[in-house]
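J.: Taken from TrEMBL, the feature Fe cation binding site covers B:His89, B:Asp91. Look at TrEMBL and you will find B:Cys98, B:Cys101, B:Cys134, B:Cys137 tagged as Zn(2+) binding site.
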There are 2 protein chains.
Amino acid sequence: MDAQIDEILRKNQLSVTGSRKRILELFLMSNGALAHGDIEKKTGEKFDRVTVYRTLQTFLEKGIIHNIPTADNSVLYALCKDDCSEGHHHDNHVHFICSECGKTICLADVTVPEVKLPGGFLPHEYQMVVTGLCKECR
Amino acid sequence: MDAQIDEILRKNQLSVTGSRKRILELFLMSNGALAHGDIEKKTGEKFDRVTVYRTLQTFLEKGIIHNIPTADNSVLYALCKDDCSEGHHHDNHVHFICSECGKTICLADVTVPEVKLPGGFLPHEYQMVVTGLCKECR
DNA sequence: GTTGGTGCAAAAATTTTGCAGGGTG
DNA sequence: CACCCTGCAAAATTTTTGCACCAAC
């Protein structure tokens, strides 16, 4: 795990620092989406709030994580797949939001279907969000 | 138009007030999604910022509008179709967000394709957001 | 007249920015 | 050692809450 973290950071030309390692570790462990608040809690507020903001921003720019839309418009981040390059996400799986427990789940196996757009539109990224009840809450 | 607005408000057991009429009118005219900031601008700041917040909140609860998740996690609202009842939305058309001019366009003719979910998930609403360049900006 | 909505003020929460010190490569 | 990252402080922005007044029914 530790080696994996280092590799991800180095591959993106980022210096390996404590906060980056820890936050990246959280994403690898959680296997889901994290909010800014989650990260603060899970690190035990060991890092400055500002550092968390900047680290997330950096990860976003490098394409290590992406942000995902949620039902209540809070800000959630999730790990990108390996084939995300800088500024270019191929993260077109479906996100499921449970309206009961509020959890956001990445349905990695469900790919976003292609849609035909009216002429003139130049699509760049597709996102799909399904809301409903998850396994536990139904 | 004015009669239509009154009817919508009355149908939802809301008193007909200036701000509600104006904000609802904006949604009917825009035929697309509006951000909180858009509304403040388009009303010429005639109404208190707080009133706008509360009006939007009320409309949300009544199911007159719904919020749209966007790629950059800004908060957008759009009118619900007629068959939206309270807390029950069937607004499954595609939203297009232009990354150049920032406009959000409802592609009413493009329906969201059905996707197969893994067992256990009980879907309620499908939303799809496409980002890219619109006709004017490409 | 009663109920509910609005505006104002203030507080709370979230996010951004500047700068000096410290860790990384 | 040069550079980038972090923490602290402060500012800017966004959202929420309380209360008195006014408008809608």
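Numbers here mean position along the shown chain, with the first residue as 1.
Yeah, the Cβs are placed from backbone N, Cα and C, and that goes for glycine too.
What does the local environment look like for each feature on the list?
T.: The number of other CB atoms found within 10 A of the CB of B:Cys134 (Zn(2+) binding site), across every protein chain shown, is 19.
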J.: Of all the binding-site residues given, B:Cys98, B:Cys137, which has the fewest Cβ neighbours within 10 Å once its own Cβ is left out?
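T.: Lowest Cβ count within 10 Å among the binding-site residues (B:Cys98, B:Cys137) is B:Cys137.
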